[in-house]
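The feature transmembrane segment is assigned by TrEMBL to 20-40, 81-100, 112-131, 137-158, 170-192, 198-221, 284-310, 322-343, 350-374, 386-406, 453-474. TrEMBL lists 27-478 with the feature domain 'Major facilitator superfamily (MFS) profile'.
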Amino acid sequence: MAGGGFVAGDGRAQEYGGRMTFSVVVTSLMAASCGLIFGYDSGVTGGVTQMESFLSKFFPEVQSRMKIPKHDAYCKYDNQWLTAFTSSLFIAGTLSSLVASQVTRRVGRQAIMLIGGVMFLVGSIINAAAVNIAMLIIGRILLGFGLGFTLQSAPVYLSETAPARWRGAFTSSFNTFVVIGILSATITNYFTNRIPRWGWRVSLGLAAVPGVIVVVGAFFIPDTPSSLVLRGQPDRARAALQRIRGDGTNIDAEFKDIVHAVDEARRNDVGSFRRLFSKQYRHYLVAGLAVPVFYEFTGMIVISVFSPVLFRTVGFSSQKAILGSVINSMTNLVATVLSSFVMDRTGRRFLLIIGGIGMLLCEVAISWIMAGHLGKHQGVTMPHGYATAVLVLICLCTFSFGLSWAPLRWVVPAEIYPVEIRSAGQALSISVELCLSFVELQVFIALLCAMKYGVFLFYAVWLLAMTIFVAVFLPETKGVPLEAMRSVWTGHWYWRRFVKQDANHERQITGVSTN
């Protein structure tokens, strides 16, 4: 809630006092480090699932299929247990994020991040010691529980502590850590792939490192002022806000608005999920659900996770496929850092539209190349020049993604909801995203086998739809304080009519004149 602004009497959003302090930078970086958990685990599995040492121990039938010269190039990795190893993380994260929203209101966002880090630490140890598929899946489920807790709390933590004028950059730092985690995982896979028999254990075991970072970091950050007020600790909340905004800064107006907003949230505490689906909050629900749904159907989650598998499919060796994944991850990091500098200047909608168009063009081009050259002329793989072109296009697609939807899928849901439904709304957004990730990762290899190059055209259609949605229906939230976020809806050409109707209806129910 400490978003850095308030609504003046004339309805205009005003800026609170405060400056960029060392405390807010350190606190935000500690919270954003939760992204390492998501990033490392997303990046490591794609590389591990194509390592011969891993396949020979757990999936020998896949390894045997790869050695058949005339086997369909699109279907070499089509195995449901192999994809379950990757996707089980996300179904567990879906369930835990829903539980986390209720627990957060009782113990705070700081404690939730700590719990998530511990679960991730235990899950990574089980995965590294796995001797059968059951241990792999159990470890992944524990990782998923930890993921759901941290994803539910960290982005909101960042949006509630960051000053409004820099909120986009601070909240998107979570995604920067996600990308750093992915890059770290792909570099790790590049070296461990050379270790015979047990290299995959090193890759999975090193996932404990981001778990340790999150656990240690959680002990050094305070809870957010709004979370402390919500749990009946106003003195600690005021002290936390003063520390974040800097000594000598007048925080009276901001703290008063936080208390007011939390009081309103407390009055509406019961039935927050039911309220989220009510007519009064439908515009929040539409935006809060559209962002994770469209994000998933960019196709980038499967490209990110399965990039080594895709590069193997088009003809690269195992080591070069992982190297290609490293290059792709570095591209993602460059785009993500660039996005954090420009999103609070250009706005959210502009980046989402430009990024959507860039991904659309790249995925159509990838589909065209694969249609013409993969598996043609009695060759299992495509000619080297075209395989390199696919690598370049995937990197360009990743750059467009890293500049837009990758960071903004954390920023927009974390800031779009009012306080009385924020925990429920964030939990719903994360749950929808993780559930779709589970389905998508579980079926992608099968879809690739069945639809072949058409799977990228499928994602291109979704990219077109989401770009139109953003251009027409999504309001701009750049620089708007969290306490004033309702104003972006009353000023939007489409949603303002519904907001006004709902406000008039509420006044009639309470007996207040609408004149």
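Including glycine, each Cβ sits where the backbone N, Cα and C put it.
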With Cβ-Cβ distances below 8 Å as the criterion, list the same-chain residues six or more beyond the ends of the transmembrane segment (112-131) that contact it, or say none. 31, 34, 37, 41, 100, 103-104, 138-150, 152-154, 157, 201-202, 204-208, 210-215, 217-219
Given pairs 6 or more apart, does the transmembrane segment (198-221) have at least three Cβ pairs under 8 Å with the transmembrane segment (453-474)? no
Of the listed stretches 81-100, 284-310, 350-374, 386-406, the one with the highest count of C-beta pairs below 8 angstroms to the transmembrane segment (137-158) is 81-100
Integer average pLDDT (0 to 100) for the domain 'Major facilitator superfamily (MFS) profile' (27-478): 85
What stretch of 170-192, 350-374, 453-474 shows the most Cβ pairs under 8 Å to the transmembrane segment (20-40)? 170-192
I'd like to know if the transmembrane segment (284-310) touches the transmembrane segment (386-406) in this structure, counting it as a touch only when three or more C-beta pairs sit under 8 Å and are separated by 6 or more positions. yes
Counting only residues at least 6 beyond its ends, the same-chain positions whose CB falls under 8 A of a CB in the transmembrane segment (453-474) are 286-287, 290, 294, 297-299, 348-349, 352-353, 356-357, 359-360, 363-364, 366-368, 370-371, 374, 412, 444, 447, 494-495
Look over the recorded stretches 81-100, 322-343, 350-374 and say which has the most C-beta pairs under 8 A to the transmembrane segment (170-192). 322-343
